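Engineer: Pasting the relevant annotations from TrEMBL:
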type	residues	note
BINDING	A:Asp461, A:Asp467, A:Glu470, A:Glu471	Mg(2+) binding site
DOMAIN	A:40-154	domain 'TRNA-binding'
DOMAIN	A:408-483	domain 'B5'
DOMAIN	A:706-798	domain 'FDX-ACB'
Amino acid sequence: MLVSIKWLQEYVDTQGLAPADLGEKITRSGIEVDAVIDRSHGMTNVVVGYVKECVKHPEADKLSICQVDVGGETDQIICGAPNIAAGQKVIVARPGATLPGDIKIKKAKLRGEESNGMICSLQELGIESKLVPKAYAEGIYVLPEEAETGSDVITNFDLDDTVLELGLTPNRADAMSMIGVAYEVGAILSEDVKLPEISYTEAADSASSLLTLNIDAPDANPLYVAKVVRNVEVKESPMWLQQRLMAAGVRPHNNIVDVTNYVLMEYGQPLHAFDYDSLKTGNITVRHAKEGEMITTLDNAERKLSAHNLVITNGEEPVALAGVMGGANSEVSASTTTIVIESAYFASGSIRQTSKDHNLRSDASSRYEKGVDPNRVIPAAERAASLIAELSGGEVLSGSVMFDALDKEEKIVTVSPDFINARLGMKISFEEMMRILKRLKFNTEAINGQLVISVPTRRQDIQIEEDVVEEIARLHGYDEIPATLPEMETTPGGLTPYQHKRRIVRNYLEGAGLLQAITYSLTSSKSAQQFALAKTEMTRLLMPMSEERSTLRQSLLPHLLESVSFNTARRSDSVALYETGAVFLKTDGELLDEEEHLAVAMTGLWLDNAWQGEKKSVDFFVLKGIVEGLAAKLGVALEFERGQMDGLHPGRTAYIIKDGNRIGVIGQLHPSEQAARNLKDTIVLEMNLAVLLNAEPEALLYTPVPRYPSMSRDVALVLSKIVEAGSIENTIRNAGGKLLKQVRVFDLYEGDNMEEGKKSVAFSLTYFDPEKTLTDEEVTRVHEKVLSALKDAGAELRS
Amino acid sequence: MEAQLHVLKTEALEKIAASENVKELNGVRVAYLGKKGPITDLLKGMGKLPAEERPKMGALVNVVREEVTASLEERMALLEEQAINEKLQSETIDVTLPGRPVQTGNAHPLTRVVEEIEDLFISMGYEIAEGPEVEKDYYNFEALNLPKGHPARDMQDSFYITEDILLRTHTSPVQARTMEAKGGEPIKIICPGKVYRRDNDDATHSHQFTQIEGLVIGEDIRMSDLKGTLSVFAKKMFGDEREIRLRPSFFPFTEPSVEMDISCFKCGGSGCNVCKKTGWLEILGAGMVHPNVLEMAGYDSKRLTGFAFGMGPERIAMLKYGVEDIRHFYTNDVRFLSQFQRTEV
Ligand SMILES: [Zn+2]
């Protein structure tokens, strides 16, 4: 909502406050002032000029040489506008003038001809193009004949004004009008509000002699008023009206349409003017549209209607989309002589639906959607009739054509002062509360110590006691509220074990060298399931903004890998990222199964100690080590077994198993996947983190520190290449029994000296007895068992 | 013989002094004091002397031997020290070369902000509540006093999956769920999480972002309690000198509703480019829980009241760290992320 302060002052005294100070007061009281706009934009030295003579420039087709009376003297000014002509009153920026954008006007020579200033368009005065009347959109603005030559344009045409731009929250529909804002300012400043005076002379003929009315949808349209004005002259509105509309962000059209818009801005009540003769039938019928019925609206769009759209018809065909936009077939034009002014109350739900169906929002529909004041529908019609009579020379037919079934009663809200103070934690006196309610112009009676408030219908947001609490508090001042802390039973607070472990996981991964990434949950249907551990039916948005963000992800890796590619494309060659977040799986339930996952993606160097010559690229085992460490940290047992997944290297992929269930996958990207993503060797992990976080580890009990020494034996084995170290380790553990404390791979050799298809793996075995020092013989006895088990398993002992 | 002894002594002391290293000096020791050395020879030859001269000469030889030994030991100590010094010298390193890097990562700046806020409220006795990101329309809107067709639904254009299921537009449904689950009991929770709105991504908008909300419900919770709580939050989060200011606002789920500003932490309130010359920064929205919201969740709104507040970690991180574009939080540029390594405490 754009509020011209000059206009506002018609209704309320702003006590001479500077616009910025007034804006600050409004903001602090509840309606945010987003901007304070100086309409003069610092302009100086701009006057009304009279074009005495206008001839073509001999050297340039598009330029005219004008002799302009600027009040007492005549200056030659060159003008490039196509619509310049002798006899016009125009806006002249004189030499030395400043225009918006800090443009300075100087004397100049154009193609050899002197030019003493500039004849201006409205755009050059800082008015947005979309607000300039269409007739002047491409050229200079032509002032009415009565404009006084030489007078100051800035003051004469109300450009010495400031506009407050209000950012209205949906509850404050009352402030979508100048009068509404005046009530708010009046409450803030303790000032009265002065309403416009309505007076016109009625013709002897009555409106009902020309017009009949049928309301077929009284629920959606409980109040309809029509006034008829005849013998109107459709022409340009006077300057003051045009300026006020432009200040309010509305483009002037003609005096009839401008008055309906003016009253809309003034009262917040949408109005529409029909050309009576175009209606043809002398009838207005409000009904729901027939399915498939067509209307061409004022924006020249042809619209197909459905049964829940409310339409105004002439008894036969639609002439307006009720409360949203008029129809082209009944539009007021230059030849119009008789008009019908419509002022109506339409139910907000109906208007919202129509507005949504046709993706069409107007100043009218946005007000109806939020609810207009039932008590302003009739006064707004009267106000429009009086202004149109005044500006168009028309005569208003007596009476109105009206249907009225609308409840216009004020709502009574009863609230006790104690309730207000208890909610606020304050001690505001009863008298102060009464004073505030008076400033709001809420009629209030004190009955048995209670405040019995008749809430004006303009304030539809005041429904319950708490709403009154807010009104009292905001006008008393939020700064007055003391700062206390809740008085309630103290609670320990804290994280759940799950949340606590999630932080442990993050800290561990960060300590291990990974940076935390956060990516989007919405992705394309193409990548929603890539690297998914379990694929379910995809979940798509009803109306995605793009295919890229259309589907909920079932794995974290695709976006995490996009982040890695983003980095490597920017010459960050070594990237190690992790992310924890939900993946979204379909279930039989109403909602989705949101499974918390952990993903890791690593590429480039893992260790880079440049000057000491140590470099190590990331590989499968770097990430596996991180996962193993994580499992150890959480006290969870994980196993790894050879696995397969699309997009991963078939020989370098493992499933992560917990309690026999696959909970994750770890591997190197498939070379073709790497190429497609412009990546070098990249190691990835996708794992169900929730399973890890939900696992309850055993209680931590210390084992006594060994009192007796342990003994180590090494064994080097020649194995077939396809035999996995893990299976050999199991063989060793099974044979070693309880004296075998530790088995560790300490060497792997697959080099040239090995027989084809063989590899050498060396294990270090540690034997230990917590009860005594083991003898060499005791160790040998067990170790022999291990060796024979290894031989049985096909391992060849290496000497 | 005495003269011979004197020559020997002079000769030995000269050689000791001339020795340049431990090895050479040991050679001198063996040559003069060893079993085959001249002093031993002299002692052996004493038998040839007259008996009355023997004690005198014996004493004289011993004196010479002790003198030589002492000189030798002194020289030995010196040479050993020299040797150690030389070794240390040769082992000297350039201490200005960089240390072996310890590979460490760090949390995302949004996590950092969220955890800081969580911890702050945990210390005041709050619990952390979480809930689904894909929500029922009921919990996201209806239970929060936003029935279908409510004008405020326009404020947050949403991503629907079906007519009744959508990506949550705020973390408030977690409050609604918690209230329903608590069955009328007091509540003190913080709800962090991802939320989604139909916005085109640009420098100040993101279709996915983070929210953190708080809810307190108890007997006679007052608006002054909200103000006090937010004041503690502002001082702990942004510094002890921070002032707060409440402005009336509107949220369908609270009444009265407020926006909270804090005095600008960059300029202290005198006005700068961060606070757009106003001296104040808008940080969060809050209010007293609307009685409809309490009643819908089964609370007796006459007996139990509450307050709620909500803020955007993106905005806080942008203000705190001077980040100018919200998209930085979601592109995961390591040159951006790795800047949030160090502590500010
Ligand atoms: Zn500042």
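Positions of Cβ are set from backbone N, Cα and C atoms, glycine also.
Unlike curated records, TrEMBL annotations are generated automatically.
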Engineer: For the domain 'B5' (A:408-483), what are the DSSP-based totals of helix, strand and coil residues?
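Structural biologist: Helix (H, G, I), strand (E, B), coil: 33 helix, 16 strand, 27 coil.
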Engineer: Neighbour count, 10 Å Cβ-Cβ cut-off, for A:Asp467 (Mg(2+) binding site): what number do you get?
Structural biologist: 20
Engineer: Counting every protein chain present, what is the number of Cβ atoms, excluding its own, within 10 Å of the Cβ of A:Asp461 (Mg(2+) binding site)?
Structural biologist: 19
Engineer: Can you break down the domain 'FDX-ACB' (A:706-798) into helix, strand and coil residue counts using DSSP?
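Structural biologist: Taking the domain 'FDX-ACB' (A:706-798) as a whole: 32 helix, 33 strand, 28 coil.
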Engineer: Per DSSP, what is the helix/strand/coil residue tally across the domain 'TRNA-binding' (A:40-154)?
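Structural biologist: So the domain 'TRNA-binding' (A:40-154) is made up of 11 helix, 54 strand, 50 coil.
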Engineer: Give me the non-local Cβ neighbours of A:Glu471 (Mg(2+) binding site): same chain, 6+ apart in sequence, Cβ-Cβ under 8 Å, ordered along the sequence.
Structural biologist: A:Ile436, A:Leu437, A:Leu440, A:Phe442, A:Ile462
